[in-house]
């Protein structure tokens with residue numbers, strides 16, 4: 001790798017780099033500190049996002065029963081069907097609405113409190129609603145549940161953005177993709193845990209559902225106790241706080257070796273290139289020409305992720321299983337099986353993302369989802385007439401879950417971290433998170449009407465969205481694996497027709513016969 005920036009520290013360990021006289025960055029490894037910081041932040045924050053997505057599915061009949069009996073006690077008459085539907089819709093949809101508001105808080109909090117500080121502060125939005133939901137039955141109040149779902153949504157909105165940002169900044173570049181998928185892995189584990197606990201014989205029954213809702217506070221307490229012992233993001237400490245001493249110590253702990261000069265040099269270089277920009281607000285981010293394609297890309301990927309029909313597939317799954325002849329009482333176990341497939345495929349993505357790259361996983365994932373939606377439409381239409389067709393429907397659901405788990409679910413978070421440099425990253429996550437949660441909210445709101453009007457043909461709409469997202473990624477999104485944040489900015493600079501400034505000078509982007517990968521080596525390693 002050639003570098004344009006000359007830094008004067010010869011290193012005899014690698015002869016081919018000696019001519020450049022610069023620090024040579026060692027290949028990062030997974031140290032105990034880095035592994036534990038990843039697991040604790042992902043379990044304490046991302047796990048809750050997944051858990052709260054699925055926690056109300058299984059106990060919904062008992063919760064609605066509670067809503068009805070509470071209403072009866074207050075007003076001496078049974079609740080009207082429409083009002084019960086409204087209360088239940090609010091209980092479900094307040095969660096993504098809270099997620100949207102949580103996303104709006106990302107940039108101000110991570111800039112003021114830091115990445116780790118924000119995750120610790122965020123536990124308030126988990127512990128308080130956990131207690132509220134836990135005591136809702138004793139308090140005889142369904143309003144408490146609706147308000148608590150909104151507050152825990154704020155927690156999910158913050159954690160879904162801050163954990164990938166925190167881990168992306170802690171990781172060495174060769175592990176950034178794998179560790180960036182860990183939050184999504186814990187989201188799927190959270191969903192699976194809620195599905196398992198929701199089995200009738202465990203907690204999904206009339207006596208234990210409040211305990212099930214309240215358990216979301218446990219991961220938050222664990223994170224609150226353990227995360228303070230781990231380092232804050234070194235990039236945040238150096239670039240945003242100007243505290244090189246703390247950044248160096250943090251890097252030494254995270255990398256497991258003393259000499260971290262090469263990585264600090266790269267951070268200084270990034271810092272110099274950003275001095276002119278300062279901290280970007282969302283408005284300045286939207287008007288920044290040098291970030292135009294990055295911004296469009298994260299908006300389209302986050303919309304594609306949520307509008308690709310993943311929630312609709314889960315919504316439809318139970319009726320598909322029932323039509324295939326699965327006993328009503330056994331459907332909950334098949335649902336757990338689907339959740340387990342989701343977890344296993346996300347684990348697979350962790351191990352293949354660094355070799356296959358982000359782009360290939362996104363293309364394959366959206367391609368599989370597109371095909372599965374088309375096939376599912378056909379299968380659902382012939383389900384009544386062809387005896388073996390329900391089994392094709394079940395296969396389509398499982399194939400769709402596999403496709404979504406390897407690409408569309410985990411990769412947009414990884415790529416959002418990688419496409420932006422330090423000053424723009426908080427505002428970028430704020431935009432990406434807002435789009436993510438608004439799209440989630442929209443699907444929840446619109447799908448029941450789509451389903452009523454179009455029936456199984458609603459999946460054709462999802463297949464078109466998957467195809468459109470795939471085409472955009474194919475044409476615009478470059479491969480970002482094993483690149484520094486500054487190198488990725490250089491790749492996009494060409495698309496945005498701008499020049500990236502480096503300290504006192506600037507690097508013009510000349511047309512050359514070099515591939516984009518060769519042309520962008522502007523960092524110290």
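Cβ coordinates come from backbone N, Cα and C, glycine included.
Automatic, uncurated: that is what TrEMBL annotation is.
TrEMBL lists 38-481 with the feature domain 'Major facilitator superfamily (MFS) profile'. Under the heading transmembrane segment, TrEMBL lists 30-51, 86-107, 119-138, 144-167, 179-203, 209-230, 295-316, 331-353, 360-382, 388-406, 427-450, 456-477.
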Local confidence of the domain 'Major facilitator superfamily (MFS) profile' (38-481) - pLDDT mean: 92
Highest-contact recorded stretch vs the transmembrane segment (295-316), from 86-107, 209-230, 388-406, 456-477, CB pairs under 8 Å: 456-477
Candidate ranges 30-51, 144-167, 179-203, 209-230, 388-406 - greatest C-beta contact count to the transmembrane segment (427-450) (under 8 angstroms): 144-167
Annotated stretches the transmembrane segment (360-382) and the transmembrane segment (456-477) touching (3 or more Cβ pairs under 8 Å): yes
Distant-in-sequence neighbours of the transmembrane segment (209-230), which means Cβ under 8 A and at least six residues beyond its ends: 33, 36-37, 40-41, 43-45, 47-48, 51-52, 55-56, 59, 62-63, 116, 119-120, 123, 126-127, 129-131, 133-137, 145, 148, 152, 155, 194, 197-198, 203
Region pair the transmembrane segment (30-51) / the transmembrane segment (388-406), three or more CB pairs under 8 Å: no
Same-chain residues near the transmembrane segment (388-406), Cβ under 8 Å, at least 6 residues beyond its ends: 188, 308-310, 313, 316-317, 320-321, 323-325, 338, 341-342, 345-346, 348-349, 352, 361, 364-369, 371-373, 375-376, 379-380, 382
